[in-house]
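Taking it in order: structure first as structure tokens, then the write-up.
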Ligand SMILES: Cc1cc2nc3c(=O)[nH]c(=O)nc-3n(C[C@H](O)[C@H](O)[C@H](O)COP(=O)(O)OP(=O)(O)OC[C@H]3O[C@@H](n4cnc5c(N)ncnc54)[C@H](O)[C@@H]3O)c2cc1C
Ligand code: SF4
Ligand code: SF4
Ligand code: FES
């Protein structure tokens, strides 16, 4: 573990902003919310934040991105798959968001390979920061994602005048090369441990009543509990916001766009969500998840059971974004999980 | 200066890169269906398995999944049969030989002919569902000696909707396969001397050994429940049944999430499923 003075850290970031070819982005306060946005200066960073509206997923899998271009070359079409070569330097990622990115890595790089994601991801540098504040809808401690010892290039912990810095990768180490850093003292190492083990878990108001390891089983047992899903989704507007803000959701649609007046254009993909009414509809007026209750059930089954079956991860990291952004005020997964658990308990008696 | 983390990769192989497919022949059936013969660059073979599909891109319009309807035993260009239902499919119907489209694939898991080696097969096709099955039917006909008794039941709404009429006639007249057909109804301006009624009314007429015959089914979503009920009543074990299912698809690669049936992805785990795998999946609607 290394230690860097805060002004020195800011100077390092400012140096990167002016010298790194990649965009340097970080958490800032936009007046209403915390957001990841382009950094003009390290002074704009707000690393003591609770949660950002969107996770850094937006840089690795943008809301819209071109994946293919085509043009008519004398009657022959030329297709050219696109993958943005540049990643970002992302400053201030909370541990739960790093865990979400690791989950995406497993799917988009290790298992199924997706070049547009892979390039941006592998060319990005992730600077994490241990949490100092939590939103009132978050329950990351219960999901085991409030701290992490992997998934970052560098991980900061605020120690007042200084940051303790854990180095996760060689790239992270090189990033620090030009800065004035020193080895952490035993006391500083212990302080970081104390923060991770005692201070961070206490930040959360919401709590799961059981171990997340039970979630796949609990969900499976409640698959046919339609009364629950119907009751739960009654007020839902099917706006899909809970999908869009979720750092572990990665469903998308692909659209072809023609450049007006030409024979060229591109295919772009955009975020899509299983809560949106037409997500599973096909020709002939057939919709395989017509009822809003079925769509909600699918969302939770996918997060807590299906993805677990396939990739070994619970695809909910407890950030609480879906809860805070839901206009109908129904999307609280912590509440859903606890109720399902209670139903399972009641059933067992 | 770029840090050592940037530019690790050359622009190389990318999963979303299509190749140009040249339309070499089209053929309209009387209904809204059209057959397209498509040739890959340098005469390359698609290398598909019966039941697999391709993602087809119409420049400027969109992309959609289509089952390959020709058998891999037929060398050269491959064939698709496309029903005009929306943007991409209508645009395709306006294309003609000499035009090009983009092709990705083949994708999905199809029918593995080796699994059926030496065994009897009953094909049950409803409407456009004959398109994917035709690939397997023609495979078994082309390598006839490798398979046991073959039977095909084909039903569609009305006579004018029948696909591949010449081929159907050959199937009916040849002695390599038993062929039965039906139409839901025959409008007055059309001719028909076969049976009328939904496909389930013909299935009991097939003469098969229910214990040993493999049944391969493809049709519109509503058809499955009724056909499966019928097969159950006839005593066909679930283990003998294979279904090809359709879902909304965007990526074809298990990523975009549209095609999911419970924890299964139709684009990678299917579209051909062994019935016991999907039997208890509520979202399969079978
Ligand atoms: C594995 C597979 C194999 C298929 N094989 C064939 C085939 O051999 N021949 C054939 O004619 N059709 C086939 N289809 C169906 C075909 O893909 C759709 O009909 C087509 O996507 C509609 O595209 P469109 O742009 O013309 O329609 P759109 O303009 O997109 O919409 C028309 C209607 O189709 C629905 N739709 C949109 N996207 C899809 C989609 N990806 N799949 C199904 N419905 C969709 C819409 O909800 C709408 O109701 C297959 C589908 C799958 C999944
Ligand atoms: S954000 Fe709320 S209202 Fe919108 S789809 Fe999700 S649960 Fe329904
Ligand atoms: S489901 Fe909600 S709480 Fe869980 S990761 Fe997604 S946005 Fe965060
Ligand atoms: S088509 Fe995208 S996951 Fe199946």
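Along the chain as shown, residues are numbered 1 onward.
Positions of Cβ are set from backbone N, Cα and C atoms, glycine also.
For the [2Fe-2S] cluster site that TrEMBL gives as B:251, B:256, B:259, the extra residue drawn from B:218, B:267 is B:267. Classification of residue B:267 ([2Fe-2S] cluster binding site) by DSSP places it within a helix.
Counting other Cβ atoms within 10 Å of each Cβ, the binding-site residues B:251, B:256, B:259, B:267 show the lowest value at B:256. Same-chain residues with CB within 8 A of the center of the B:251, B:256, B:259, B:267 CB atoms, the [2Fe-2S] cluster site residues themselves not counted, are B:249, B:250, B:252, B:253, B:254, B:255, B:257, B:258, B:265, B:266, B:268.
Averaged over the domain 'FAD-binding FR-type' (B:16-113), the predicted model has a pLDDT of 95.
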